[in-house]
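Engineer: Got a structure here, written out as structure tokens. Questions coming.
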């Protein structure tokens, strides 16, 4: 009896929680090993962490301006579509669906399973099949919640954001106490140039940027934000600064308590830290870390379903995925679509190989989106934007992103080549399916299947547009 559309239910607090909840997840608890391994020393790894934070701030400011210029949801996809055209936007959608998002979700899910089981098997490592089973159970719980209610998904994200900050505090406080007592032996020869390998630095940046990834999440739900012109820039700036400070202090705490070799040998850095520094919390911190990963999974499903929703509405994805449940007002088909791919990647994947696999494609398209901001400014100088960043911010961010992507071919040619192939495989699909008109028989069959699924899932098209 009421209009079917996505309601504006994301306030400033929920936007802040979405960003914090998406950034502070598995990354800070698994990426320190990847950053240290590829940067070579403690000092250079801290420089990489700070540089990644600064780069994330540049990217977040660019996306904040894009969010005030382009009033649709969809994040990277809609920004590339509106500024660079339909072909690059479809290539992003193709790579995002088949590579970037399922690999990212699999990484976070595996971290959730590992930390959730850690207290039960310590000091031994948890069995791999058990980790994967718990990982999938956690992912399915989040999938069900996002299918059920937008409000409860947002409330869960707010609560878990508090848990995430508490988990960071429990690592930072004991580390800072030991540092104040003069335990600086692990910072001796912090900048050992002999261990620095320049062609591995892009992989160090990928690991660091993975920990910060999530600063763009509000752009995916722009149409559901309350007062987006004000709340997007405000939420982005406050959340990214909070995370930069938290991550730098967390890494200093790690290095104060654990030596370089301890971190490189640890499958779960946060657990090793607690075993050494705060034994009374040995069973608490892994659970907090697992809940942090749970929040990141929730934020990822919440936002990516909106990308599929918008792409379907723009005609580059099947129309079923732009439909909304008649009672729950959730984009149910778009939420459920990732289920099989994430399941497959969790079953067969390894965290660090998956991380390099999806990072190439992700940063390529983020760089293209900020390039699109420069193009959009040039094409529409008359357009008034309530939030505008200096030109050097999108220019420098775009150059760094694309340069890092190019350098990564030397660092990890196998995984990067797989990612590149995945992107390029979208070309024939675009020209054979998206641009060509289907035959009448195919259209009839497609329409019949859509109607049957629509009745089964109890979903209907959006009745009004809120942008």
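All residue numbers here begin at 1 and follow the chain in the order shown.
Just so it is clear, glycine is given a Cβ too, placed from its N, Cα and C backbone atoms.
What TrEMBL says about a protein is an automatic prediction, not a curated fact.
Residues or ranges marked as transmembrane segment by TrEMBL: 12-30, 42-64, 76-100, 120-142, 162-183, 203-220, 232-250, 281-304, 332-354, 360-377, 389-410, 416-434.
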Engineer: Sequence-remote contacts (6 or more beyond its ends) of the transmembrane segment (389-410), Cβ cut-off under 8 Å?
Structural biologist: 55, 58-59, 61-62, 64-65, 199, 201-203, 205-206, 356, 359-360, 363-364, 366-367, 370-371, 373-374, 377, 416-417
Engineer: Of the listed stretches 120-142, 162-183, 203-220, 281-304, 360-377, which one has the most C-beta pairs under 8 A with the transmembrane segment (12-30)?
Structural biologist: 281-304
Engineer: Which residues, given as numbers and ranges, are at least 6 beyond the ends of the transmembrane segment (42-64) yet have a Cβ under 8 Å from it?
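Structural biologist: Long-range Cβ neighbours of the transmembrane segment (42-64): 32, 35-36, 75, 79, 186-187, 190-192, 196, 201, 204-205, 208-209, 211-213, 215-216, 218-219, 232-233, 236-237, 240-241, 243-244, 247-248, 251-252, 255, 260, 366, 369-370, 373, 387, 389, 393-394, 396-397, 400-401.
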Engineer: Hey, which of 203-220, 232-250, 281-304, 360-377 has the most Cβ-Cβ pairs under 8 Å against the transmembrane segment (416-434)?
Structural biologist: 360-377
Engineer: In terms of Cβ proximity under 8 Å, which residues at least six beyond the ends of the transmembrane segment (232-250) contact it?
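Structural biologist: Beyond its ends, the transmembrane segment (232-250) has Cβ neighbours at 12, 15-16, 18-20, 23-24, 28, 46, 49-50, 53-54, 56-57, 60-61, 63-64, 67-68, 165, 168, 171-172, 175-176, 211-212, 215, 218-219, 222, 225, 387.
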Engineer: Of the listed stretches 120-142, 203-220, 281-304, 360-377, which one has the most C-beta pairs under 8 A with the transmembrane segment (162-183)?
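Structural biologist: Comparing 120-142, 203-220, 281-304, 360-377 against the transmembrane segment (162-183), the winner is 281-304.
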